[in-house]
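> My questions all concern the structure below.
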């Protein structure tokens, strides 16, 4: 009885089977289901609908499975009666080819709509094709297609079509031609909209012609359009990129006062980055706090720029306070921000606070080599060698190899504390581990060796450096330190320099 009742329940459609089944994550399996229904459905072939055909074409397009998609299109084209297809299916295929960087294939499918499938294209599929051409920087072809649209394809462009063409012309720095298209639009029965003008404004900003960009912006207002947040942000970004931050801020104020449009996270980010580039931490901090009060959460790279700038000008406490506010707003911490705070806190002598931030970060995230190195370097700066050594061991245990920066920091600390021998042994380990020294490594050791009573070690350090990296040793900075130290000891200078040059000569000859 139960089986008979279940048999009378409505079965899921093939469209649902293709689009929702967990098995159809594999596009080839979805295609097999589709073809099986066509070939073996009893008592007669499954009557595919535009919906089922669209479902399989859309799935294959999203998966970029062109090796399956193209034979299927051929089969559908040759099938009799003709397979039921919708324009939406072709739009999906055209967009997929565009994303895959195959504009010629997209054009082929568009042409096949009418010639192969008897389906006349509309402005929707034509706009998709035009967008693909712009996306793949086929600007000339996009322009040719636009002007042939009516005669060749029977498609009358709409405002979106014009906007795509204007975008292509602006991308190709043909701003004069873009303006001519705007001038022609009323003759075609079309009115330029906010997107039209914003695209042209963006083009002039990209060229650096801010006066012309402003002129186009004001023309948009005169035509009765209210600029949206994107239009304002494009103009603000143009000012910021060309060092006119004051004009950008004035425009931002106008955005709120004249049109009642609040800045979004992109608008804030553009101006904050400009303040950071100009080295204005107070203004950047103030605007970021305004951004937070507006319920926007900045992304990690923007947070890093503000925090890094604050730290570099000695405002580490304000950087930490800002970071606390950002965490409360669910800003995701990252290694770059943590490393910056840790390093500058240590440099300011606030080792406990740096360690606390590091430990908090460690609870939910895996510190990178950079983050470990920042704390190790900071601890070394403060003379906390034992703590730095413990952290070094922890870093190595977790699979991070010390970098040249990390070795240099610990080496410098050893030398500074008078443990020149430990510094040299660390240098030997560095070379054994395959970590290449830089000029700072050699300079640190040479600087420490002279005056320590171990001047004989210079020759050994130089030999090790030569065997690892001739380019570093021969750098002007490295030899500047070496020679400046050597000449202070006139009795030894000639002997040491001759030894070094002899070693170098022998090494190059071999």
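Each residue, glycine too, has its Cβ placed from N, Cα and C.
Among the features that TrEMBL reports, repeat 'PPR' is placed at 122-157, 158-192, 193-227, 228-262, 264-298, 299-333, 368-402, 403-437.
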> Tell me, what is the mean pLDDT of the repeat 'PPR' (122-157)?
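Mean pLDDT across the repeat 'PPR' (122-157) comes out at 92.
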> Using Cβ atoms and a strict cutoff of less than 8 Å, what residues sit near the repeat 'PPR' (193-227) while being 6 or more residues removed from its termini?
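Distant contacts of the repeat 'PPR' (193-227): 159, 162-163, 166-167, 169-171, 173, 175, 178-179, 182, 185, 234-235, 237-239, 241-242, 244, 247, 255, 259, 261.
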> If we skip the immediate neighbours and take only residues 6+ beyond the ends of the repeat 'PPR' (264-298), which ones have a Cβ under 8 Å from one of its Cβ atoms?
229, 232-233, 236-237, 240-241, 243, 245, 248-249, 252, 255, 305-306, 309-310, 313, 315, 318, 322, 325-326, 329-331
> Sequence-remote contacts (6 or more beyond its ends) of the repeat 'PPR' (299-333), Cβ cut-off under 8 Å?
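For the repeat 'PPR' (299-333), the nonlocal Cβ contacts are 269, 272-273, 276, 279, 281, 284-285, 288-289, 292, 340-341, 343-345, 348, 350, 353, 357, 361, 364-365.
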> With DSSP as the yardstick, break the repeat 'PPR' (299-333) down into helix, strand and coil residue counts.
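Here the numbers are 26 helix, 0 strand, 9 coil.
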> Restricting to the same chain and to residues at least six past its boundaries, which positions have a Cβ under 8 Å from a Cβ of the repeat 'PPR' (158-192)?
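Contacts with the repeat 'PPR' (158-192): 123, 126-127, 130-131, 133-134, 137, 139-140, 142-143, 146, 149, 199-200, 202-204, 206-207, 223.
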> Counting each residue once, how many in the repeat 'PPR' (158-192) are helix, strand and coil under DSSP?
27 helix, 0 strand, 8 coil
